[in-house]
Amino acid sequence: MISTASRTALAWAPRRKALSQAIHRSTLTRRTTSSSTSRTTATTKKNNPVKNNNESSVHKNPDHASTSSIDTNLLPKSFAIGSLAGLMGSLAGMGGGFVMIPLMTSRQLLGLTQHQAHGTSLFAVAATGVAGALGYQGQVQYDAAAAIAACGIVTAGLGASVTTYLSARHLKKALGVFMILVAPLVPLKGYLTSNDNNDNPLLPTEEANDKNLMPQQDKATNNSSWPQRLLPPAMIGLGSGFLAGLFGVGGGAVVVPALTLFTDVNHYQALGTSLCAMALPAISGTLTHFKKGNVAMRVAPALAAGAFCGGYLGGRIGLQIHENALRWGFSGLMVTLGVRTLIR
């Protein structure tokens, strides 16, 4: 006679068998799904290795990401920004970084990060310096430019390195304050040069420069040794180079008024010398920013090309245009951009 326990075991036997088969089928399904997913992932990585690597790089360091491929969609905007900055910068003896950086960080234009905008602007500032010096042909004091450039190279890399330790917000605020503080120096240059051109301080001609000012230069050259003559430009270079690397500008906002105040050069010679001197420090700062991933090469070549064209044109126009209008116009532009940078 079969006991109660035996009858219970016989009744549950089919159920245990069905449950075991269900678990086995579920395990096989999970293994098949996992294998299919692995094959799909491997195929995707094989077909798109560059894309995955780029995405990984962007997620690791999105603020300092730099791409080597040129974005053709941004070429017109980049060239236009570079041209405007080169033209305005050359007219005032500056690199144009004050114009470029706010425009490059605008989401409606290039949409670069603050660090990328500072590093990329130096790339174009170098082009503005070379082209602007060519535009002011005959107005460049090469010994002073060499002293400024040599000392500027030393401190430009230091200034670029400091940007790493500053947040984008603080760097942006510092740039805005600097722009507003420097703005009054531009029209002030008219008063600094008033004693050099008593007859007409606004004559933008090479004849007036040679007639009224070259004797003063010759006198200064004969009565002072070259270390004494080059010491002021060297000190100017140390300060302007640091600012060029830190803020991504050419340093002309310091160089031009300082040259006018502490050396025997006229306004046009100060402009040409400043543009010539800023090229090498800008290149040095660009290399430092490039190593840190702060140069957006997808827009930098077009920016530099535009800056070169605008810089040369600005140099030629600068010798013919009314100086007082240039000073006050660019001063007003710097104040406007500085205030906009602070409140954005």
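Placed from the backbone N, Cα and C atoms, the Cβ positions cover glycine too.
Copied from TrEMBL, the annotated features are:
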- 25-54: compositional bias 'Low complexity' (COMPBIAS)
- 214-224: compositional bias 'Polar residues' (COMPBIAS)
- 21-69: region 'Disordered' (REGION)
- 197-224: region 'Disordered' (REGION)
- 79-105: transmembrane segment (TRANSMEM)
- 144-167: transmembrane segment (TRANSMEM)
- 174-192: transmembrane segment (TRANSMEM)
- 234-256: transmembrane segment (TRANSMEM)
- 268-289: transmembrane segment (TRANSMEM)
- 295-313: transmembrane segment (TRANSMEM)
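The recorded stretches the transmembrane segment (144-167) and the transmembrane segment (295-313) do not share 3+ CB pairs below 8 A when only pairs 6 or more apart in sequence are counted, and are therefore not in contact. Contact between the transmembrane segment (295-313) and the transmembrane segment (234-256) is not supported: fewer than 3 Cβ pairs lie under 8 Å, counting only residues 6 or more apart in sequence. With a cut-off of 8 Å between Cβ atoms, the residues of this chain six or more beyond the transmembrane segment (234-256) that come close are 89, 92-98, 101, 117-122, 125, 128-129, 147-163, 174-175, 178, 182, 185-186, 189, 262, 270-271, 273-275, 277-278, 281-282, 284-285, 288-289, 334.
Outside the transmembrane segment (268-289) by six or more residues, the chain places 90, 92-95, 118-120, 122-123, 125-126, 128-130, 132-133, 136-137, 139-142, 144-146, 148-150, 152-153, 155-157, 159-161, 163, 189, 204, 206, 209, 213, 233, 237, 240-241, 244-245, 248, 250-252, 255-256, 259-260, 295, 311, 315, 318-319 with a CB less than 8 A from a CB of the stretch.
Same-chain residues lying 6 or more positions outside the transmembrane segment (79-105) and placing a CB less than 8 Å from one of its CB atoms are 111-114, 116-118, 120-122, 124-125, 127-129, 131-132, 135, 175, 179, 186, 244, 247-253, 255-256, 270-272, 274-275, 278, 282, 299, 302-315, 317-318, 321, 326-327, 330, 333-334, 337, 340-341.
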